[in-house]
Amino acid sequence: MRPLAVPLLLLPWAFLAHAESLPGFLDSHEYERRLPDTNLPVDTYRPASPNLRMPRPNAESQAWAPADTRMVLHKVRFEGGTVFPLSDLREHYQPLIGHSITLGELQQYTERLTERYRQDGYLLSYAYLPPQDVAEGRVNVVLVEGYIRDYRVEGDIGPAGGYLQQLLTQLEAERPLTRETLERYLGLAERLPGVSIEAELAMAQTADGAARLTVRAQRKPFSAAVTLADSSRDDAQALLTATSNAQTRFAEQFKASLLLPPGDDQVHYQRLDYSQYLDAAGSQLLLSASRYRSDPGTRIRLDDGRDMTRERDSERYAVGLRQPVVVRPNEWMAVQGHLYAVSEHVEDQLDGEPSLRDYDTSVRALSFEGDWRKVEGGRLRIVSAGVYQGLDYLGARSDADYDLDFLRLRLSGLQSDTLAGNWQGVASGALYWSDDRLPDSERAGFGGQHFGRGYPCDQADGDKGWGVAYELNYSLRGNGLALVQPYAAVDVAQAWHNRGPVDDAHLASAALGVRLGDGRYFNVALEVAKPLADVALDSLDRDLRLTLSLAFQM
């Protein structure tokens with residue numbers, strides 16, 4: 001057994017998960033599945049929510065008359081208001097017309113109008129009774145429909161402040177202001193790379209409903225993250241990421257990733273990502289370039305019982321657009337499309353024999369993907385889907401018998417539920433389908449955190465397949481760490497190839513582990529897992545696999 005390279009106690013830095021990161025098995029980039037992966041608590045993936053302070057509207061009338069003052073209500077006159085039709089307002093007070101009532105009862109009906117405003121999403125709007133003589137039964141009701149008259153930004157976030165102002169200007173344009181608009185643009189502001197905000201909304205105190213928004217913003221211009229994985233079967237490897245955040249008015253992000261060391265499998269990985277905002281609707285331009293090379297020792301089982309290994313050298317370039325559709329504190333949905341190109345060189349070798357096959361493939365494809373997540377009480381749901389269409393032109397070619405005009409589909413999801421006490425159940429699954437023989441870069445992979453905890457991360461792939469998992473965990477808090485979370489998990493997966501000599505894969509495993517984290521900076525996970533179906537193809541046995549995962553940010 002190879003000793004774990006990094007002891008648990010040597011953790012001088014911390015981890016902070018990106019607000020919109022997704023569990024690894026939801027990632028559509030198949031080669032990235034073979035890299036060191038985080039093992040985080042599922043609550044890490046809740047939608048990002050801005051910190052908004054907003055006092056409740058003071059819709060209560062001033063004490064200009066005793067609440068037990070009696071009157072016979074004859075007529076109600078309304079001042080201001082454009083949201084509700086006059087007929088609806090009259091109907092609201094109709095049960096009181098012609099009856100002897102108290103001023104307190106009239107006030108209760110008026111407060112219900114305020115609640116109606118709030119239920120319909122007008123969070124700055126309210127109704128109240130101004131000081132007046134009600135002896136003759138004629139009453140005036142003032143409707144204040146609030147809006148943001150101006151805003152103030154405190155803190156310097158550099159040139160990206162120009163884009164922040166574009167978002168806040170959208171709030172000024174809406175009269176009266178709705179909760180949906182406020183949540184959307186503050187939510188987009190919270191997602192600016194490296195930027196965190198706190199917003200405070202002063203309620204309207206004047207009859208015209210004018211209010212002021214104060215936004216306190218700060219920016220972390222640079223950050224660095226490390227994800228390290230080590231196990232009893234594999235060499236320790238770390239994925240290093242350096243990020244530049246919002247240095248220009250485009251609120252862009254530039255990220256560079258590098259895998260070190262190569263290890264026994266000689267894995268080399270480099271990736272560059274660039275994104276920038278295009279408009280106040282949150283549209284983003286996405287660019288990426290990556291290279292992956294490996295000479296893995298994990299075998300590929302053929303249908304005649306023999307094994308082979310596969311050496312890969314792949315380059316991937318992509319350009320795309322992303323558009324947020326739903327932005328709420330408890331819900332997020334975004335869609336994105338990409339045009340991407342993959343060039344790969346693959347060399348297959350049977351055990352103990354010279355090179356079996358050496359071939360090159362160039363893939364051109366379009367992808368359309370969507371991610372959705374929502375929190376309801378103690379439940380978190382995440383759904384991710386993708387459609388990928390290969391293009392048999394623009395330089396697409398292959399020496400192998402691949403279908404370059406392939407169509408493949410991906411659907412994956414997760415649901416966590418808070419159970420009794422501090423118990424939590426997490427169910428997850430993924431489905432991949434294609435009726436074509438896919439190039440190596442397009443196949444679905446299984447193993448490790450991807451529905452094969454008892455297996456190496458590159459245990460199996462296929463043109464189609466599925467995986468399901470269930471985890472039961474218990475959270476311990478208040479012991480010096482923000483979270484100590486022991487858990488038990490089981491997973492099952494299968495993969496098939498539509499054509500070719502590779503055998504079908506059947507994975508099943510059970511695992512026990514514990515996660516440690518401070519809730520802000522770092523996460524550590526130690527896990528022991530056992531294969532229950534196919535043998536692990538890196539060792540040809542079903543022995544226990546001990547894995548340590550570290551994630552921290554500087």
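Count begins at 1; order follows the chain as displayed.
The backbone N, Cα and C atoms fix where each Cβ goes, and this holds for glycine too.
Because TrEMBL annotations are produced automatically, they should be read as predictions rather than curated entries.
Within the set 38-58, 80-100, 353-373, the record from TrEMBL flags 38-58 under the feature region 'Disordered'. Here the domain 'Haemolysin activator HlyB C-terminal' (383-516) has, by DSSP, the following mix of helix, strand and coil residues: 3 helix, 83 strand, 48 coil.
Secondary structure of the region 'Disordered' (38-58) per DSSP (helix as H, G, I; strand as E, B; remaining residues coil): 4 helix, 3 strand, 14 coil. Averaged over the domain 'Haemolysin activator HlyB C-terminal' (383-516), the predicted model reaches a pLDDT of 94.
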